[in-house]
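**Q** Feature list, courtesy of TrEMBL:
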- 6-397: domain 'Oligosaccharyl transferase STT3 N-terminal' (DOMAIN)
- 71-91: transmembrane segment (TRANSMEM)
- 103-122: transmembrane segment (TRANSMEM)
- 128-146: transmembrane segment (TRANSMEM)
- 158-184: transmembrane segment (TRANSMEM)
- 190-213: transmembrane segment (TRANSMEM)
- 225-250: transmembrane segment (TRANSMEM)
- 256-274: transmembrane segment (TRANSMEM)
- 286-310: transmembrane segment (TRANSMEM)
- 355-373: transmembrane segment (TRANSMEM)
- 380-397: transmembrane segment (TRANSMEM)
Amino acid sequence: AFGGVLCAFTLILIGVLAFSIRLFSVIKYESVIHEFDPYFNFRVTQFLSKNGIYEFWNWFDDRTWYPLGRVIGGTVYPGLTLTAGSIWWFVNALNIPLSVETVCVFTAPIFSAIASWATYLLTKEAKGTGAGLMAAAILAMVPSYISRSVAGSYDNEAVAIFALVFTFYLYVKTLNTGSLFYATLNALSYFYMVCSWGGYTFIINLIPMHVLLCIVTGRYSSRLYIAYAPLVILGTLLAALVPVVGFNAVLTSEHFASFLVFIILHVVAFVYYIKGLLTPRLFKMAMTLVITVGLAVCFAVVAILVALVASSPTKGWSGRSLSLLDPTYASKYIPIIASVSEHQPPTWPSYFMDINVLAFLVPAGIISCFLPLSDASSFMVLYLVTAVYFSGVMVSICCTDIM
């Protein structure tokens, strides 16, 4: 009981630290919105709070992308705006007279504290309470996250980093427990991430990679099936409800890996089920039949996908995704993306400035994940490897890299 109370008190202190350390811009100067994108998000939130959500979905802003204008509801990720608007509505319902601007300024520091707690939950599931507390404290103070969540930096990352970490926590929690309740919460958390940031494609590709890794290494279990199948079905249906995503949730190449692994998972589950019903001799015959039919179906599906992808000039991938897979793509085909400084590859000093002492703790973290190696810790290793690769391609991802 004393350990639980001490842990809760430590988490409260970490949350207070994460919140207060991001207020220096407000203390030194004043409560203002920084930079261009945050100010645009503030305008959208102001319109939402004044006119309501129905008008927000149908708002044509003639002052954005002038003189063409922009349909806001169908071209923005609404998670940040809806979150801040809901907070503003709630505090005003309690007769706390806060302006929309004040809520927008402090949204990022508030969610930085919540993200620290989500990091504690994720690391606790993989390596225990002590490691969770250390991870939460590091995330609260790491310079890369501070730069994206300082007071007044009202951008998508303000809530998206929390949504990213919390989705991974619920996935690992489902892996450890096999609970359909946590699997449903995982799909809802993924939906919130889709609403918040285009980086949701990292989730829907990383989790299938881990599922495939577990299948290849012989770690298939019913818990793995429960952790992944509801995420693909329910998560994809919910993602398609976001106007800016829509049918891209099933038509673009960024999502094909999840569907392919979903099919493979069901084939493996069917094989394990049949193996429990048949004798070894009959199982061998059934395997021959299943492999033959399965290969024919796979070839047909792959042929259809190849035909669909080949019909697109970019093979179904977005420009940013192609820039991540091929660092030279933007410079050759999309100069406007390559001209943005945060889309350039980072330098080595960027790592030491952005993640500080974490750069030296990475080897210790990898060794810790292998002692012992479990489904949860293998996911953390895969998370680390992919995060390091993508952070080396684009400096903006290096800044938001929380490993």
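All positions are counted from 1 along the displayed chain.
Yeah, the Cβs are placed from backbone N, Cα and C, and that goes for glycine too.
Remember, TrEMBL labels are computer predictions, not curated facts.
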**Q** Answer with yes or no whether the transmembrane segment (286-310) touches the transmembrane segment (71-91) by the criterion of at least three Cβ pairs under 8 A, sequence separation 6 or more.
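**A** Touching, no - the transmembrane segment (71-91) and the transmembrane segment (286-310) miss the threshold of 3 or more Cβ pairs under 8 Å.
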**Q** Select the range from 128-146, 190-213, 286-310 that forms the most Cβ-Cβ pairs under 8 Å with the transmembrane segment (355-373).
**A** 128-146
**Q** Looking only at the domain 'Oligosaccharyl transferase STT3 N-terminal' (6-397), what is the mean pLDDT?
**A** 84
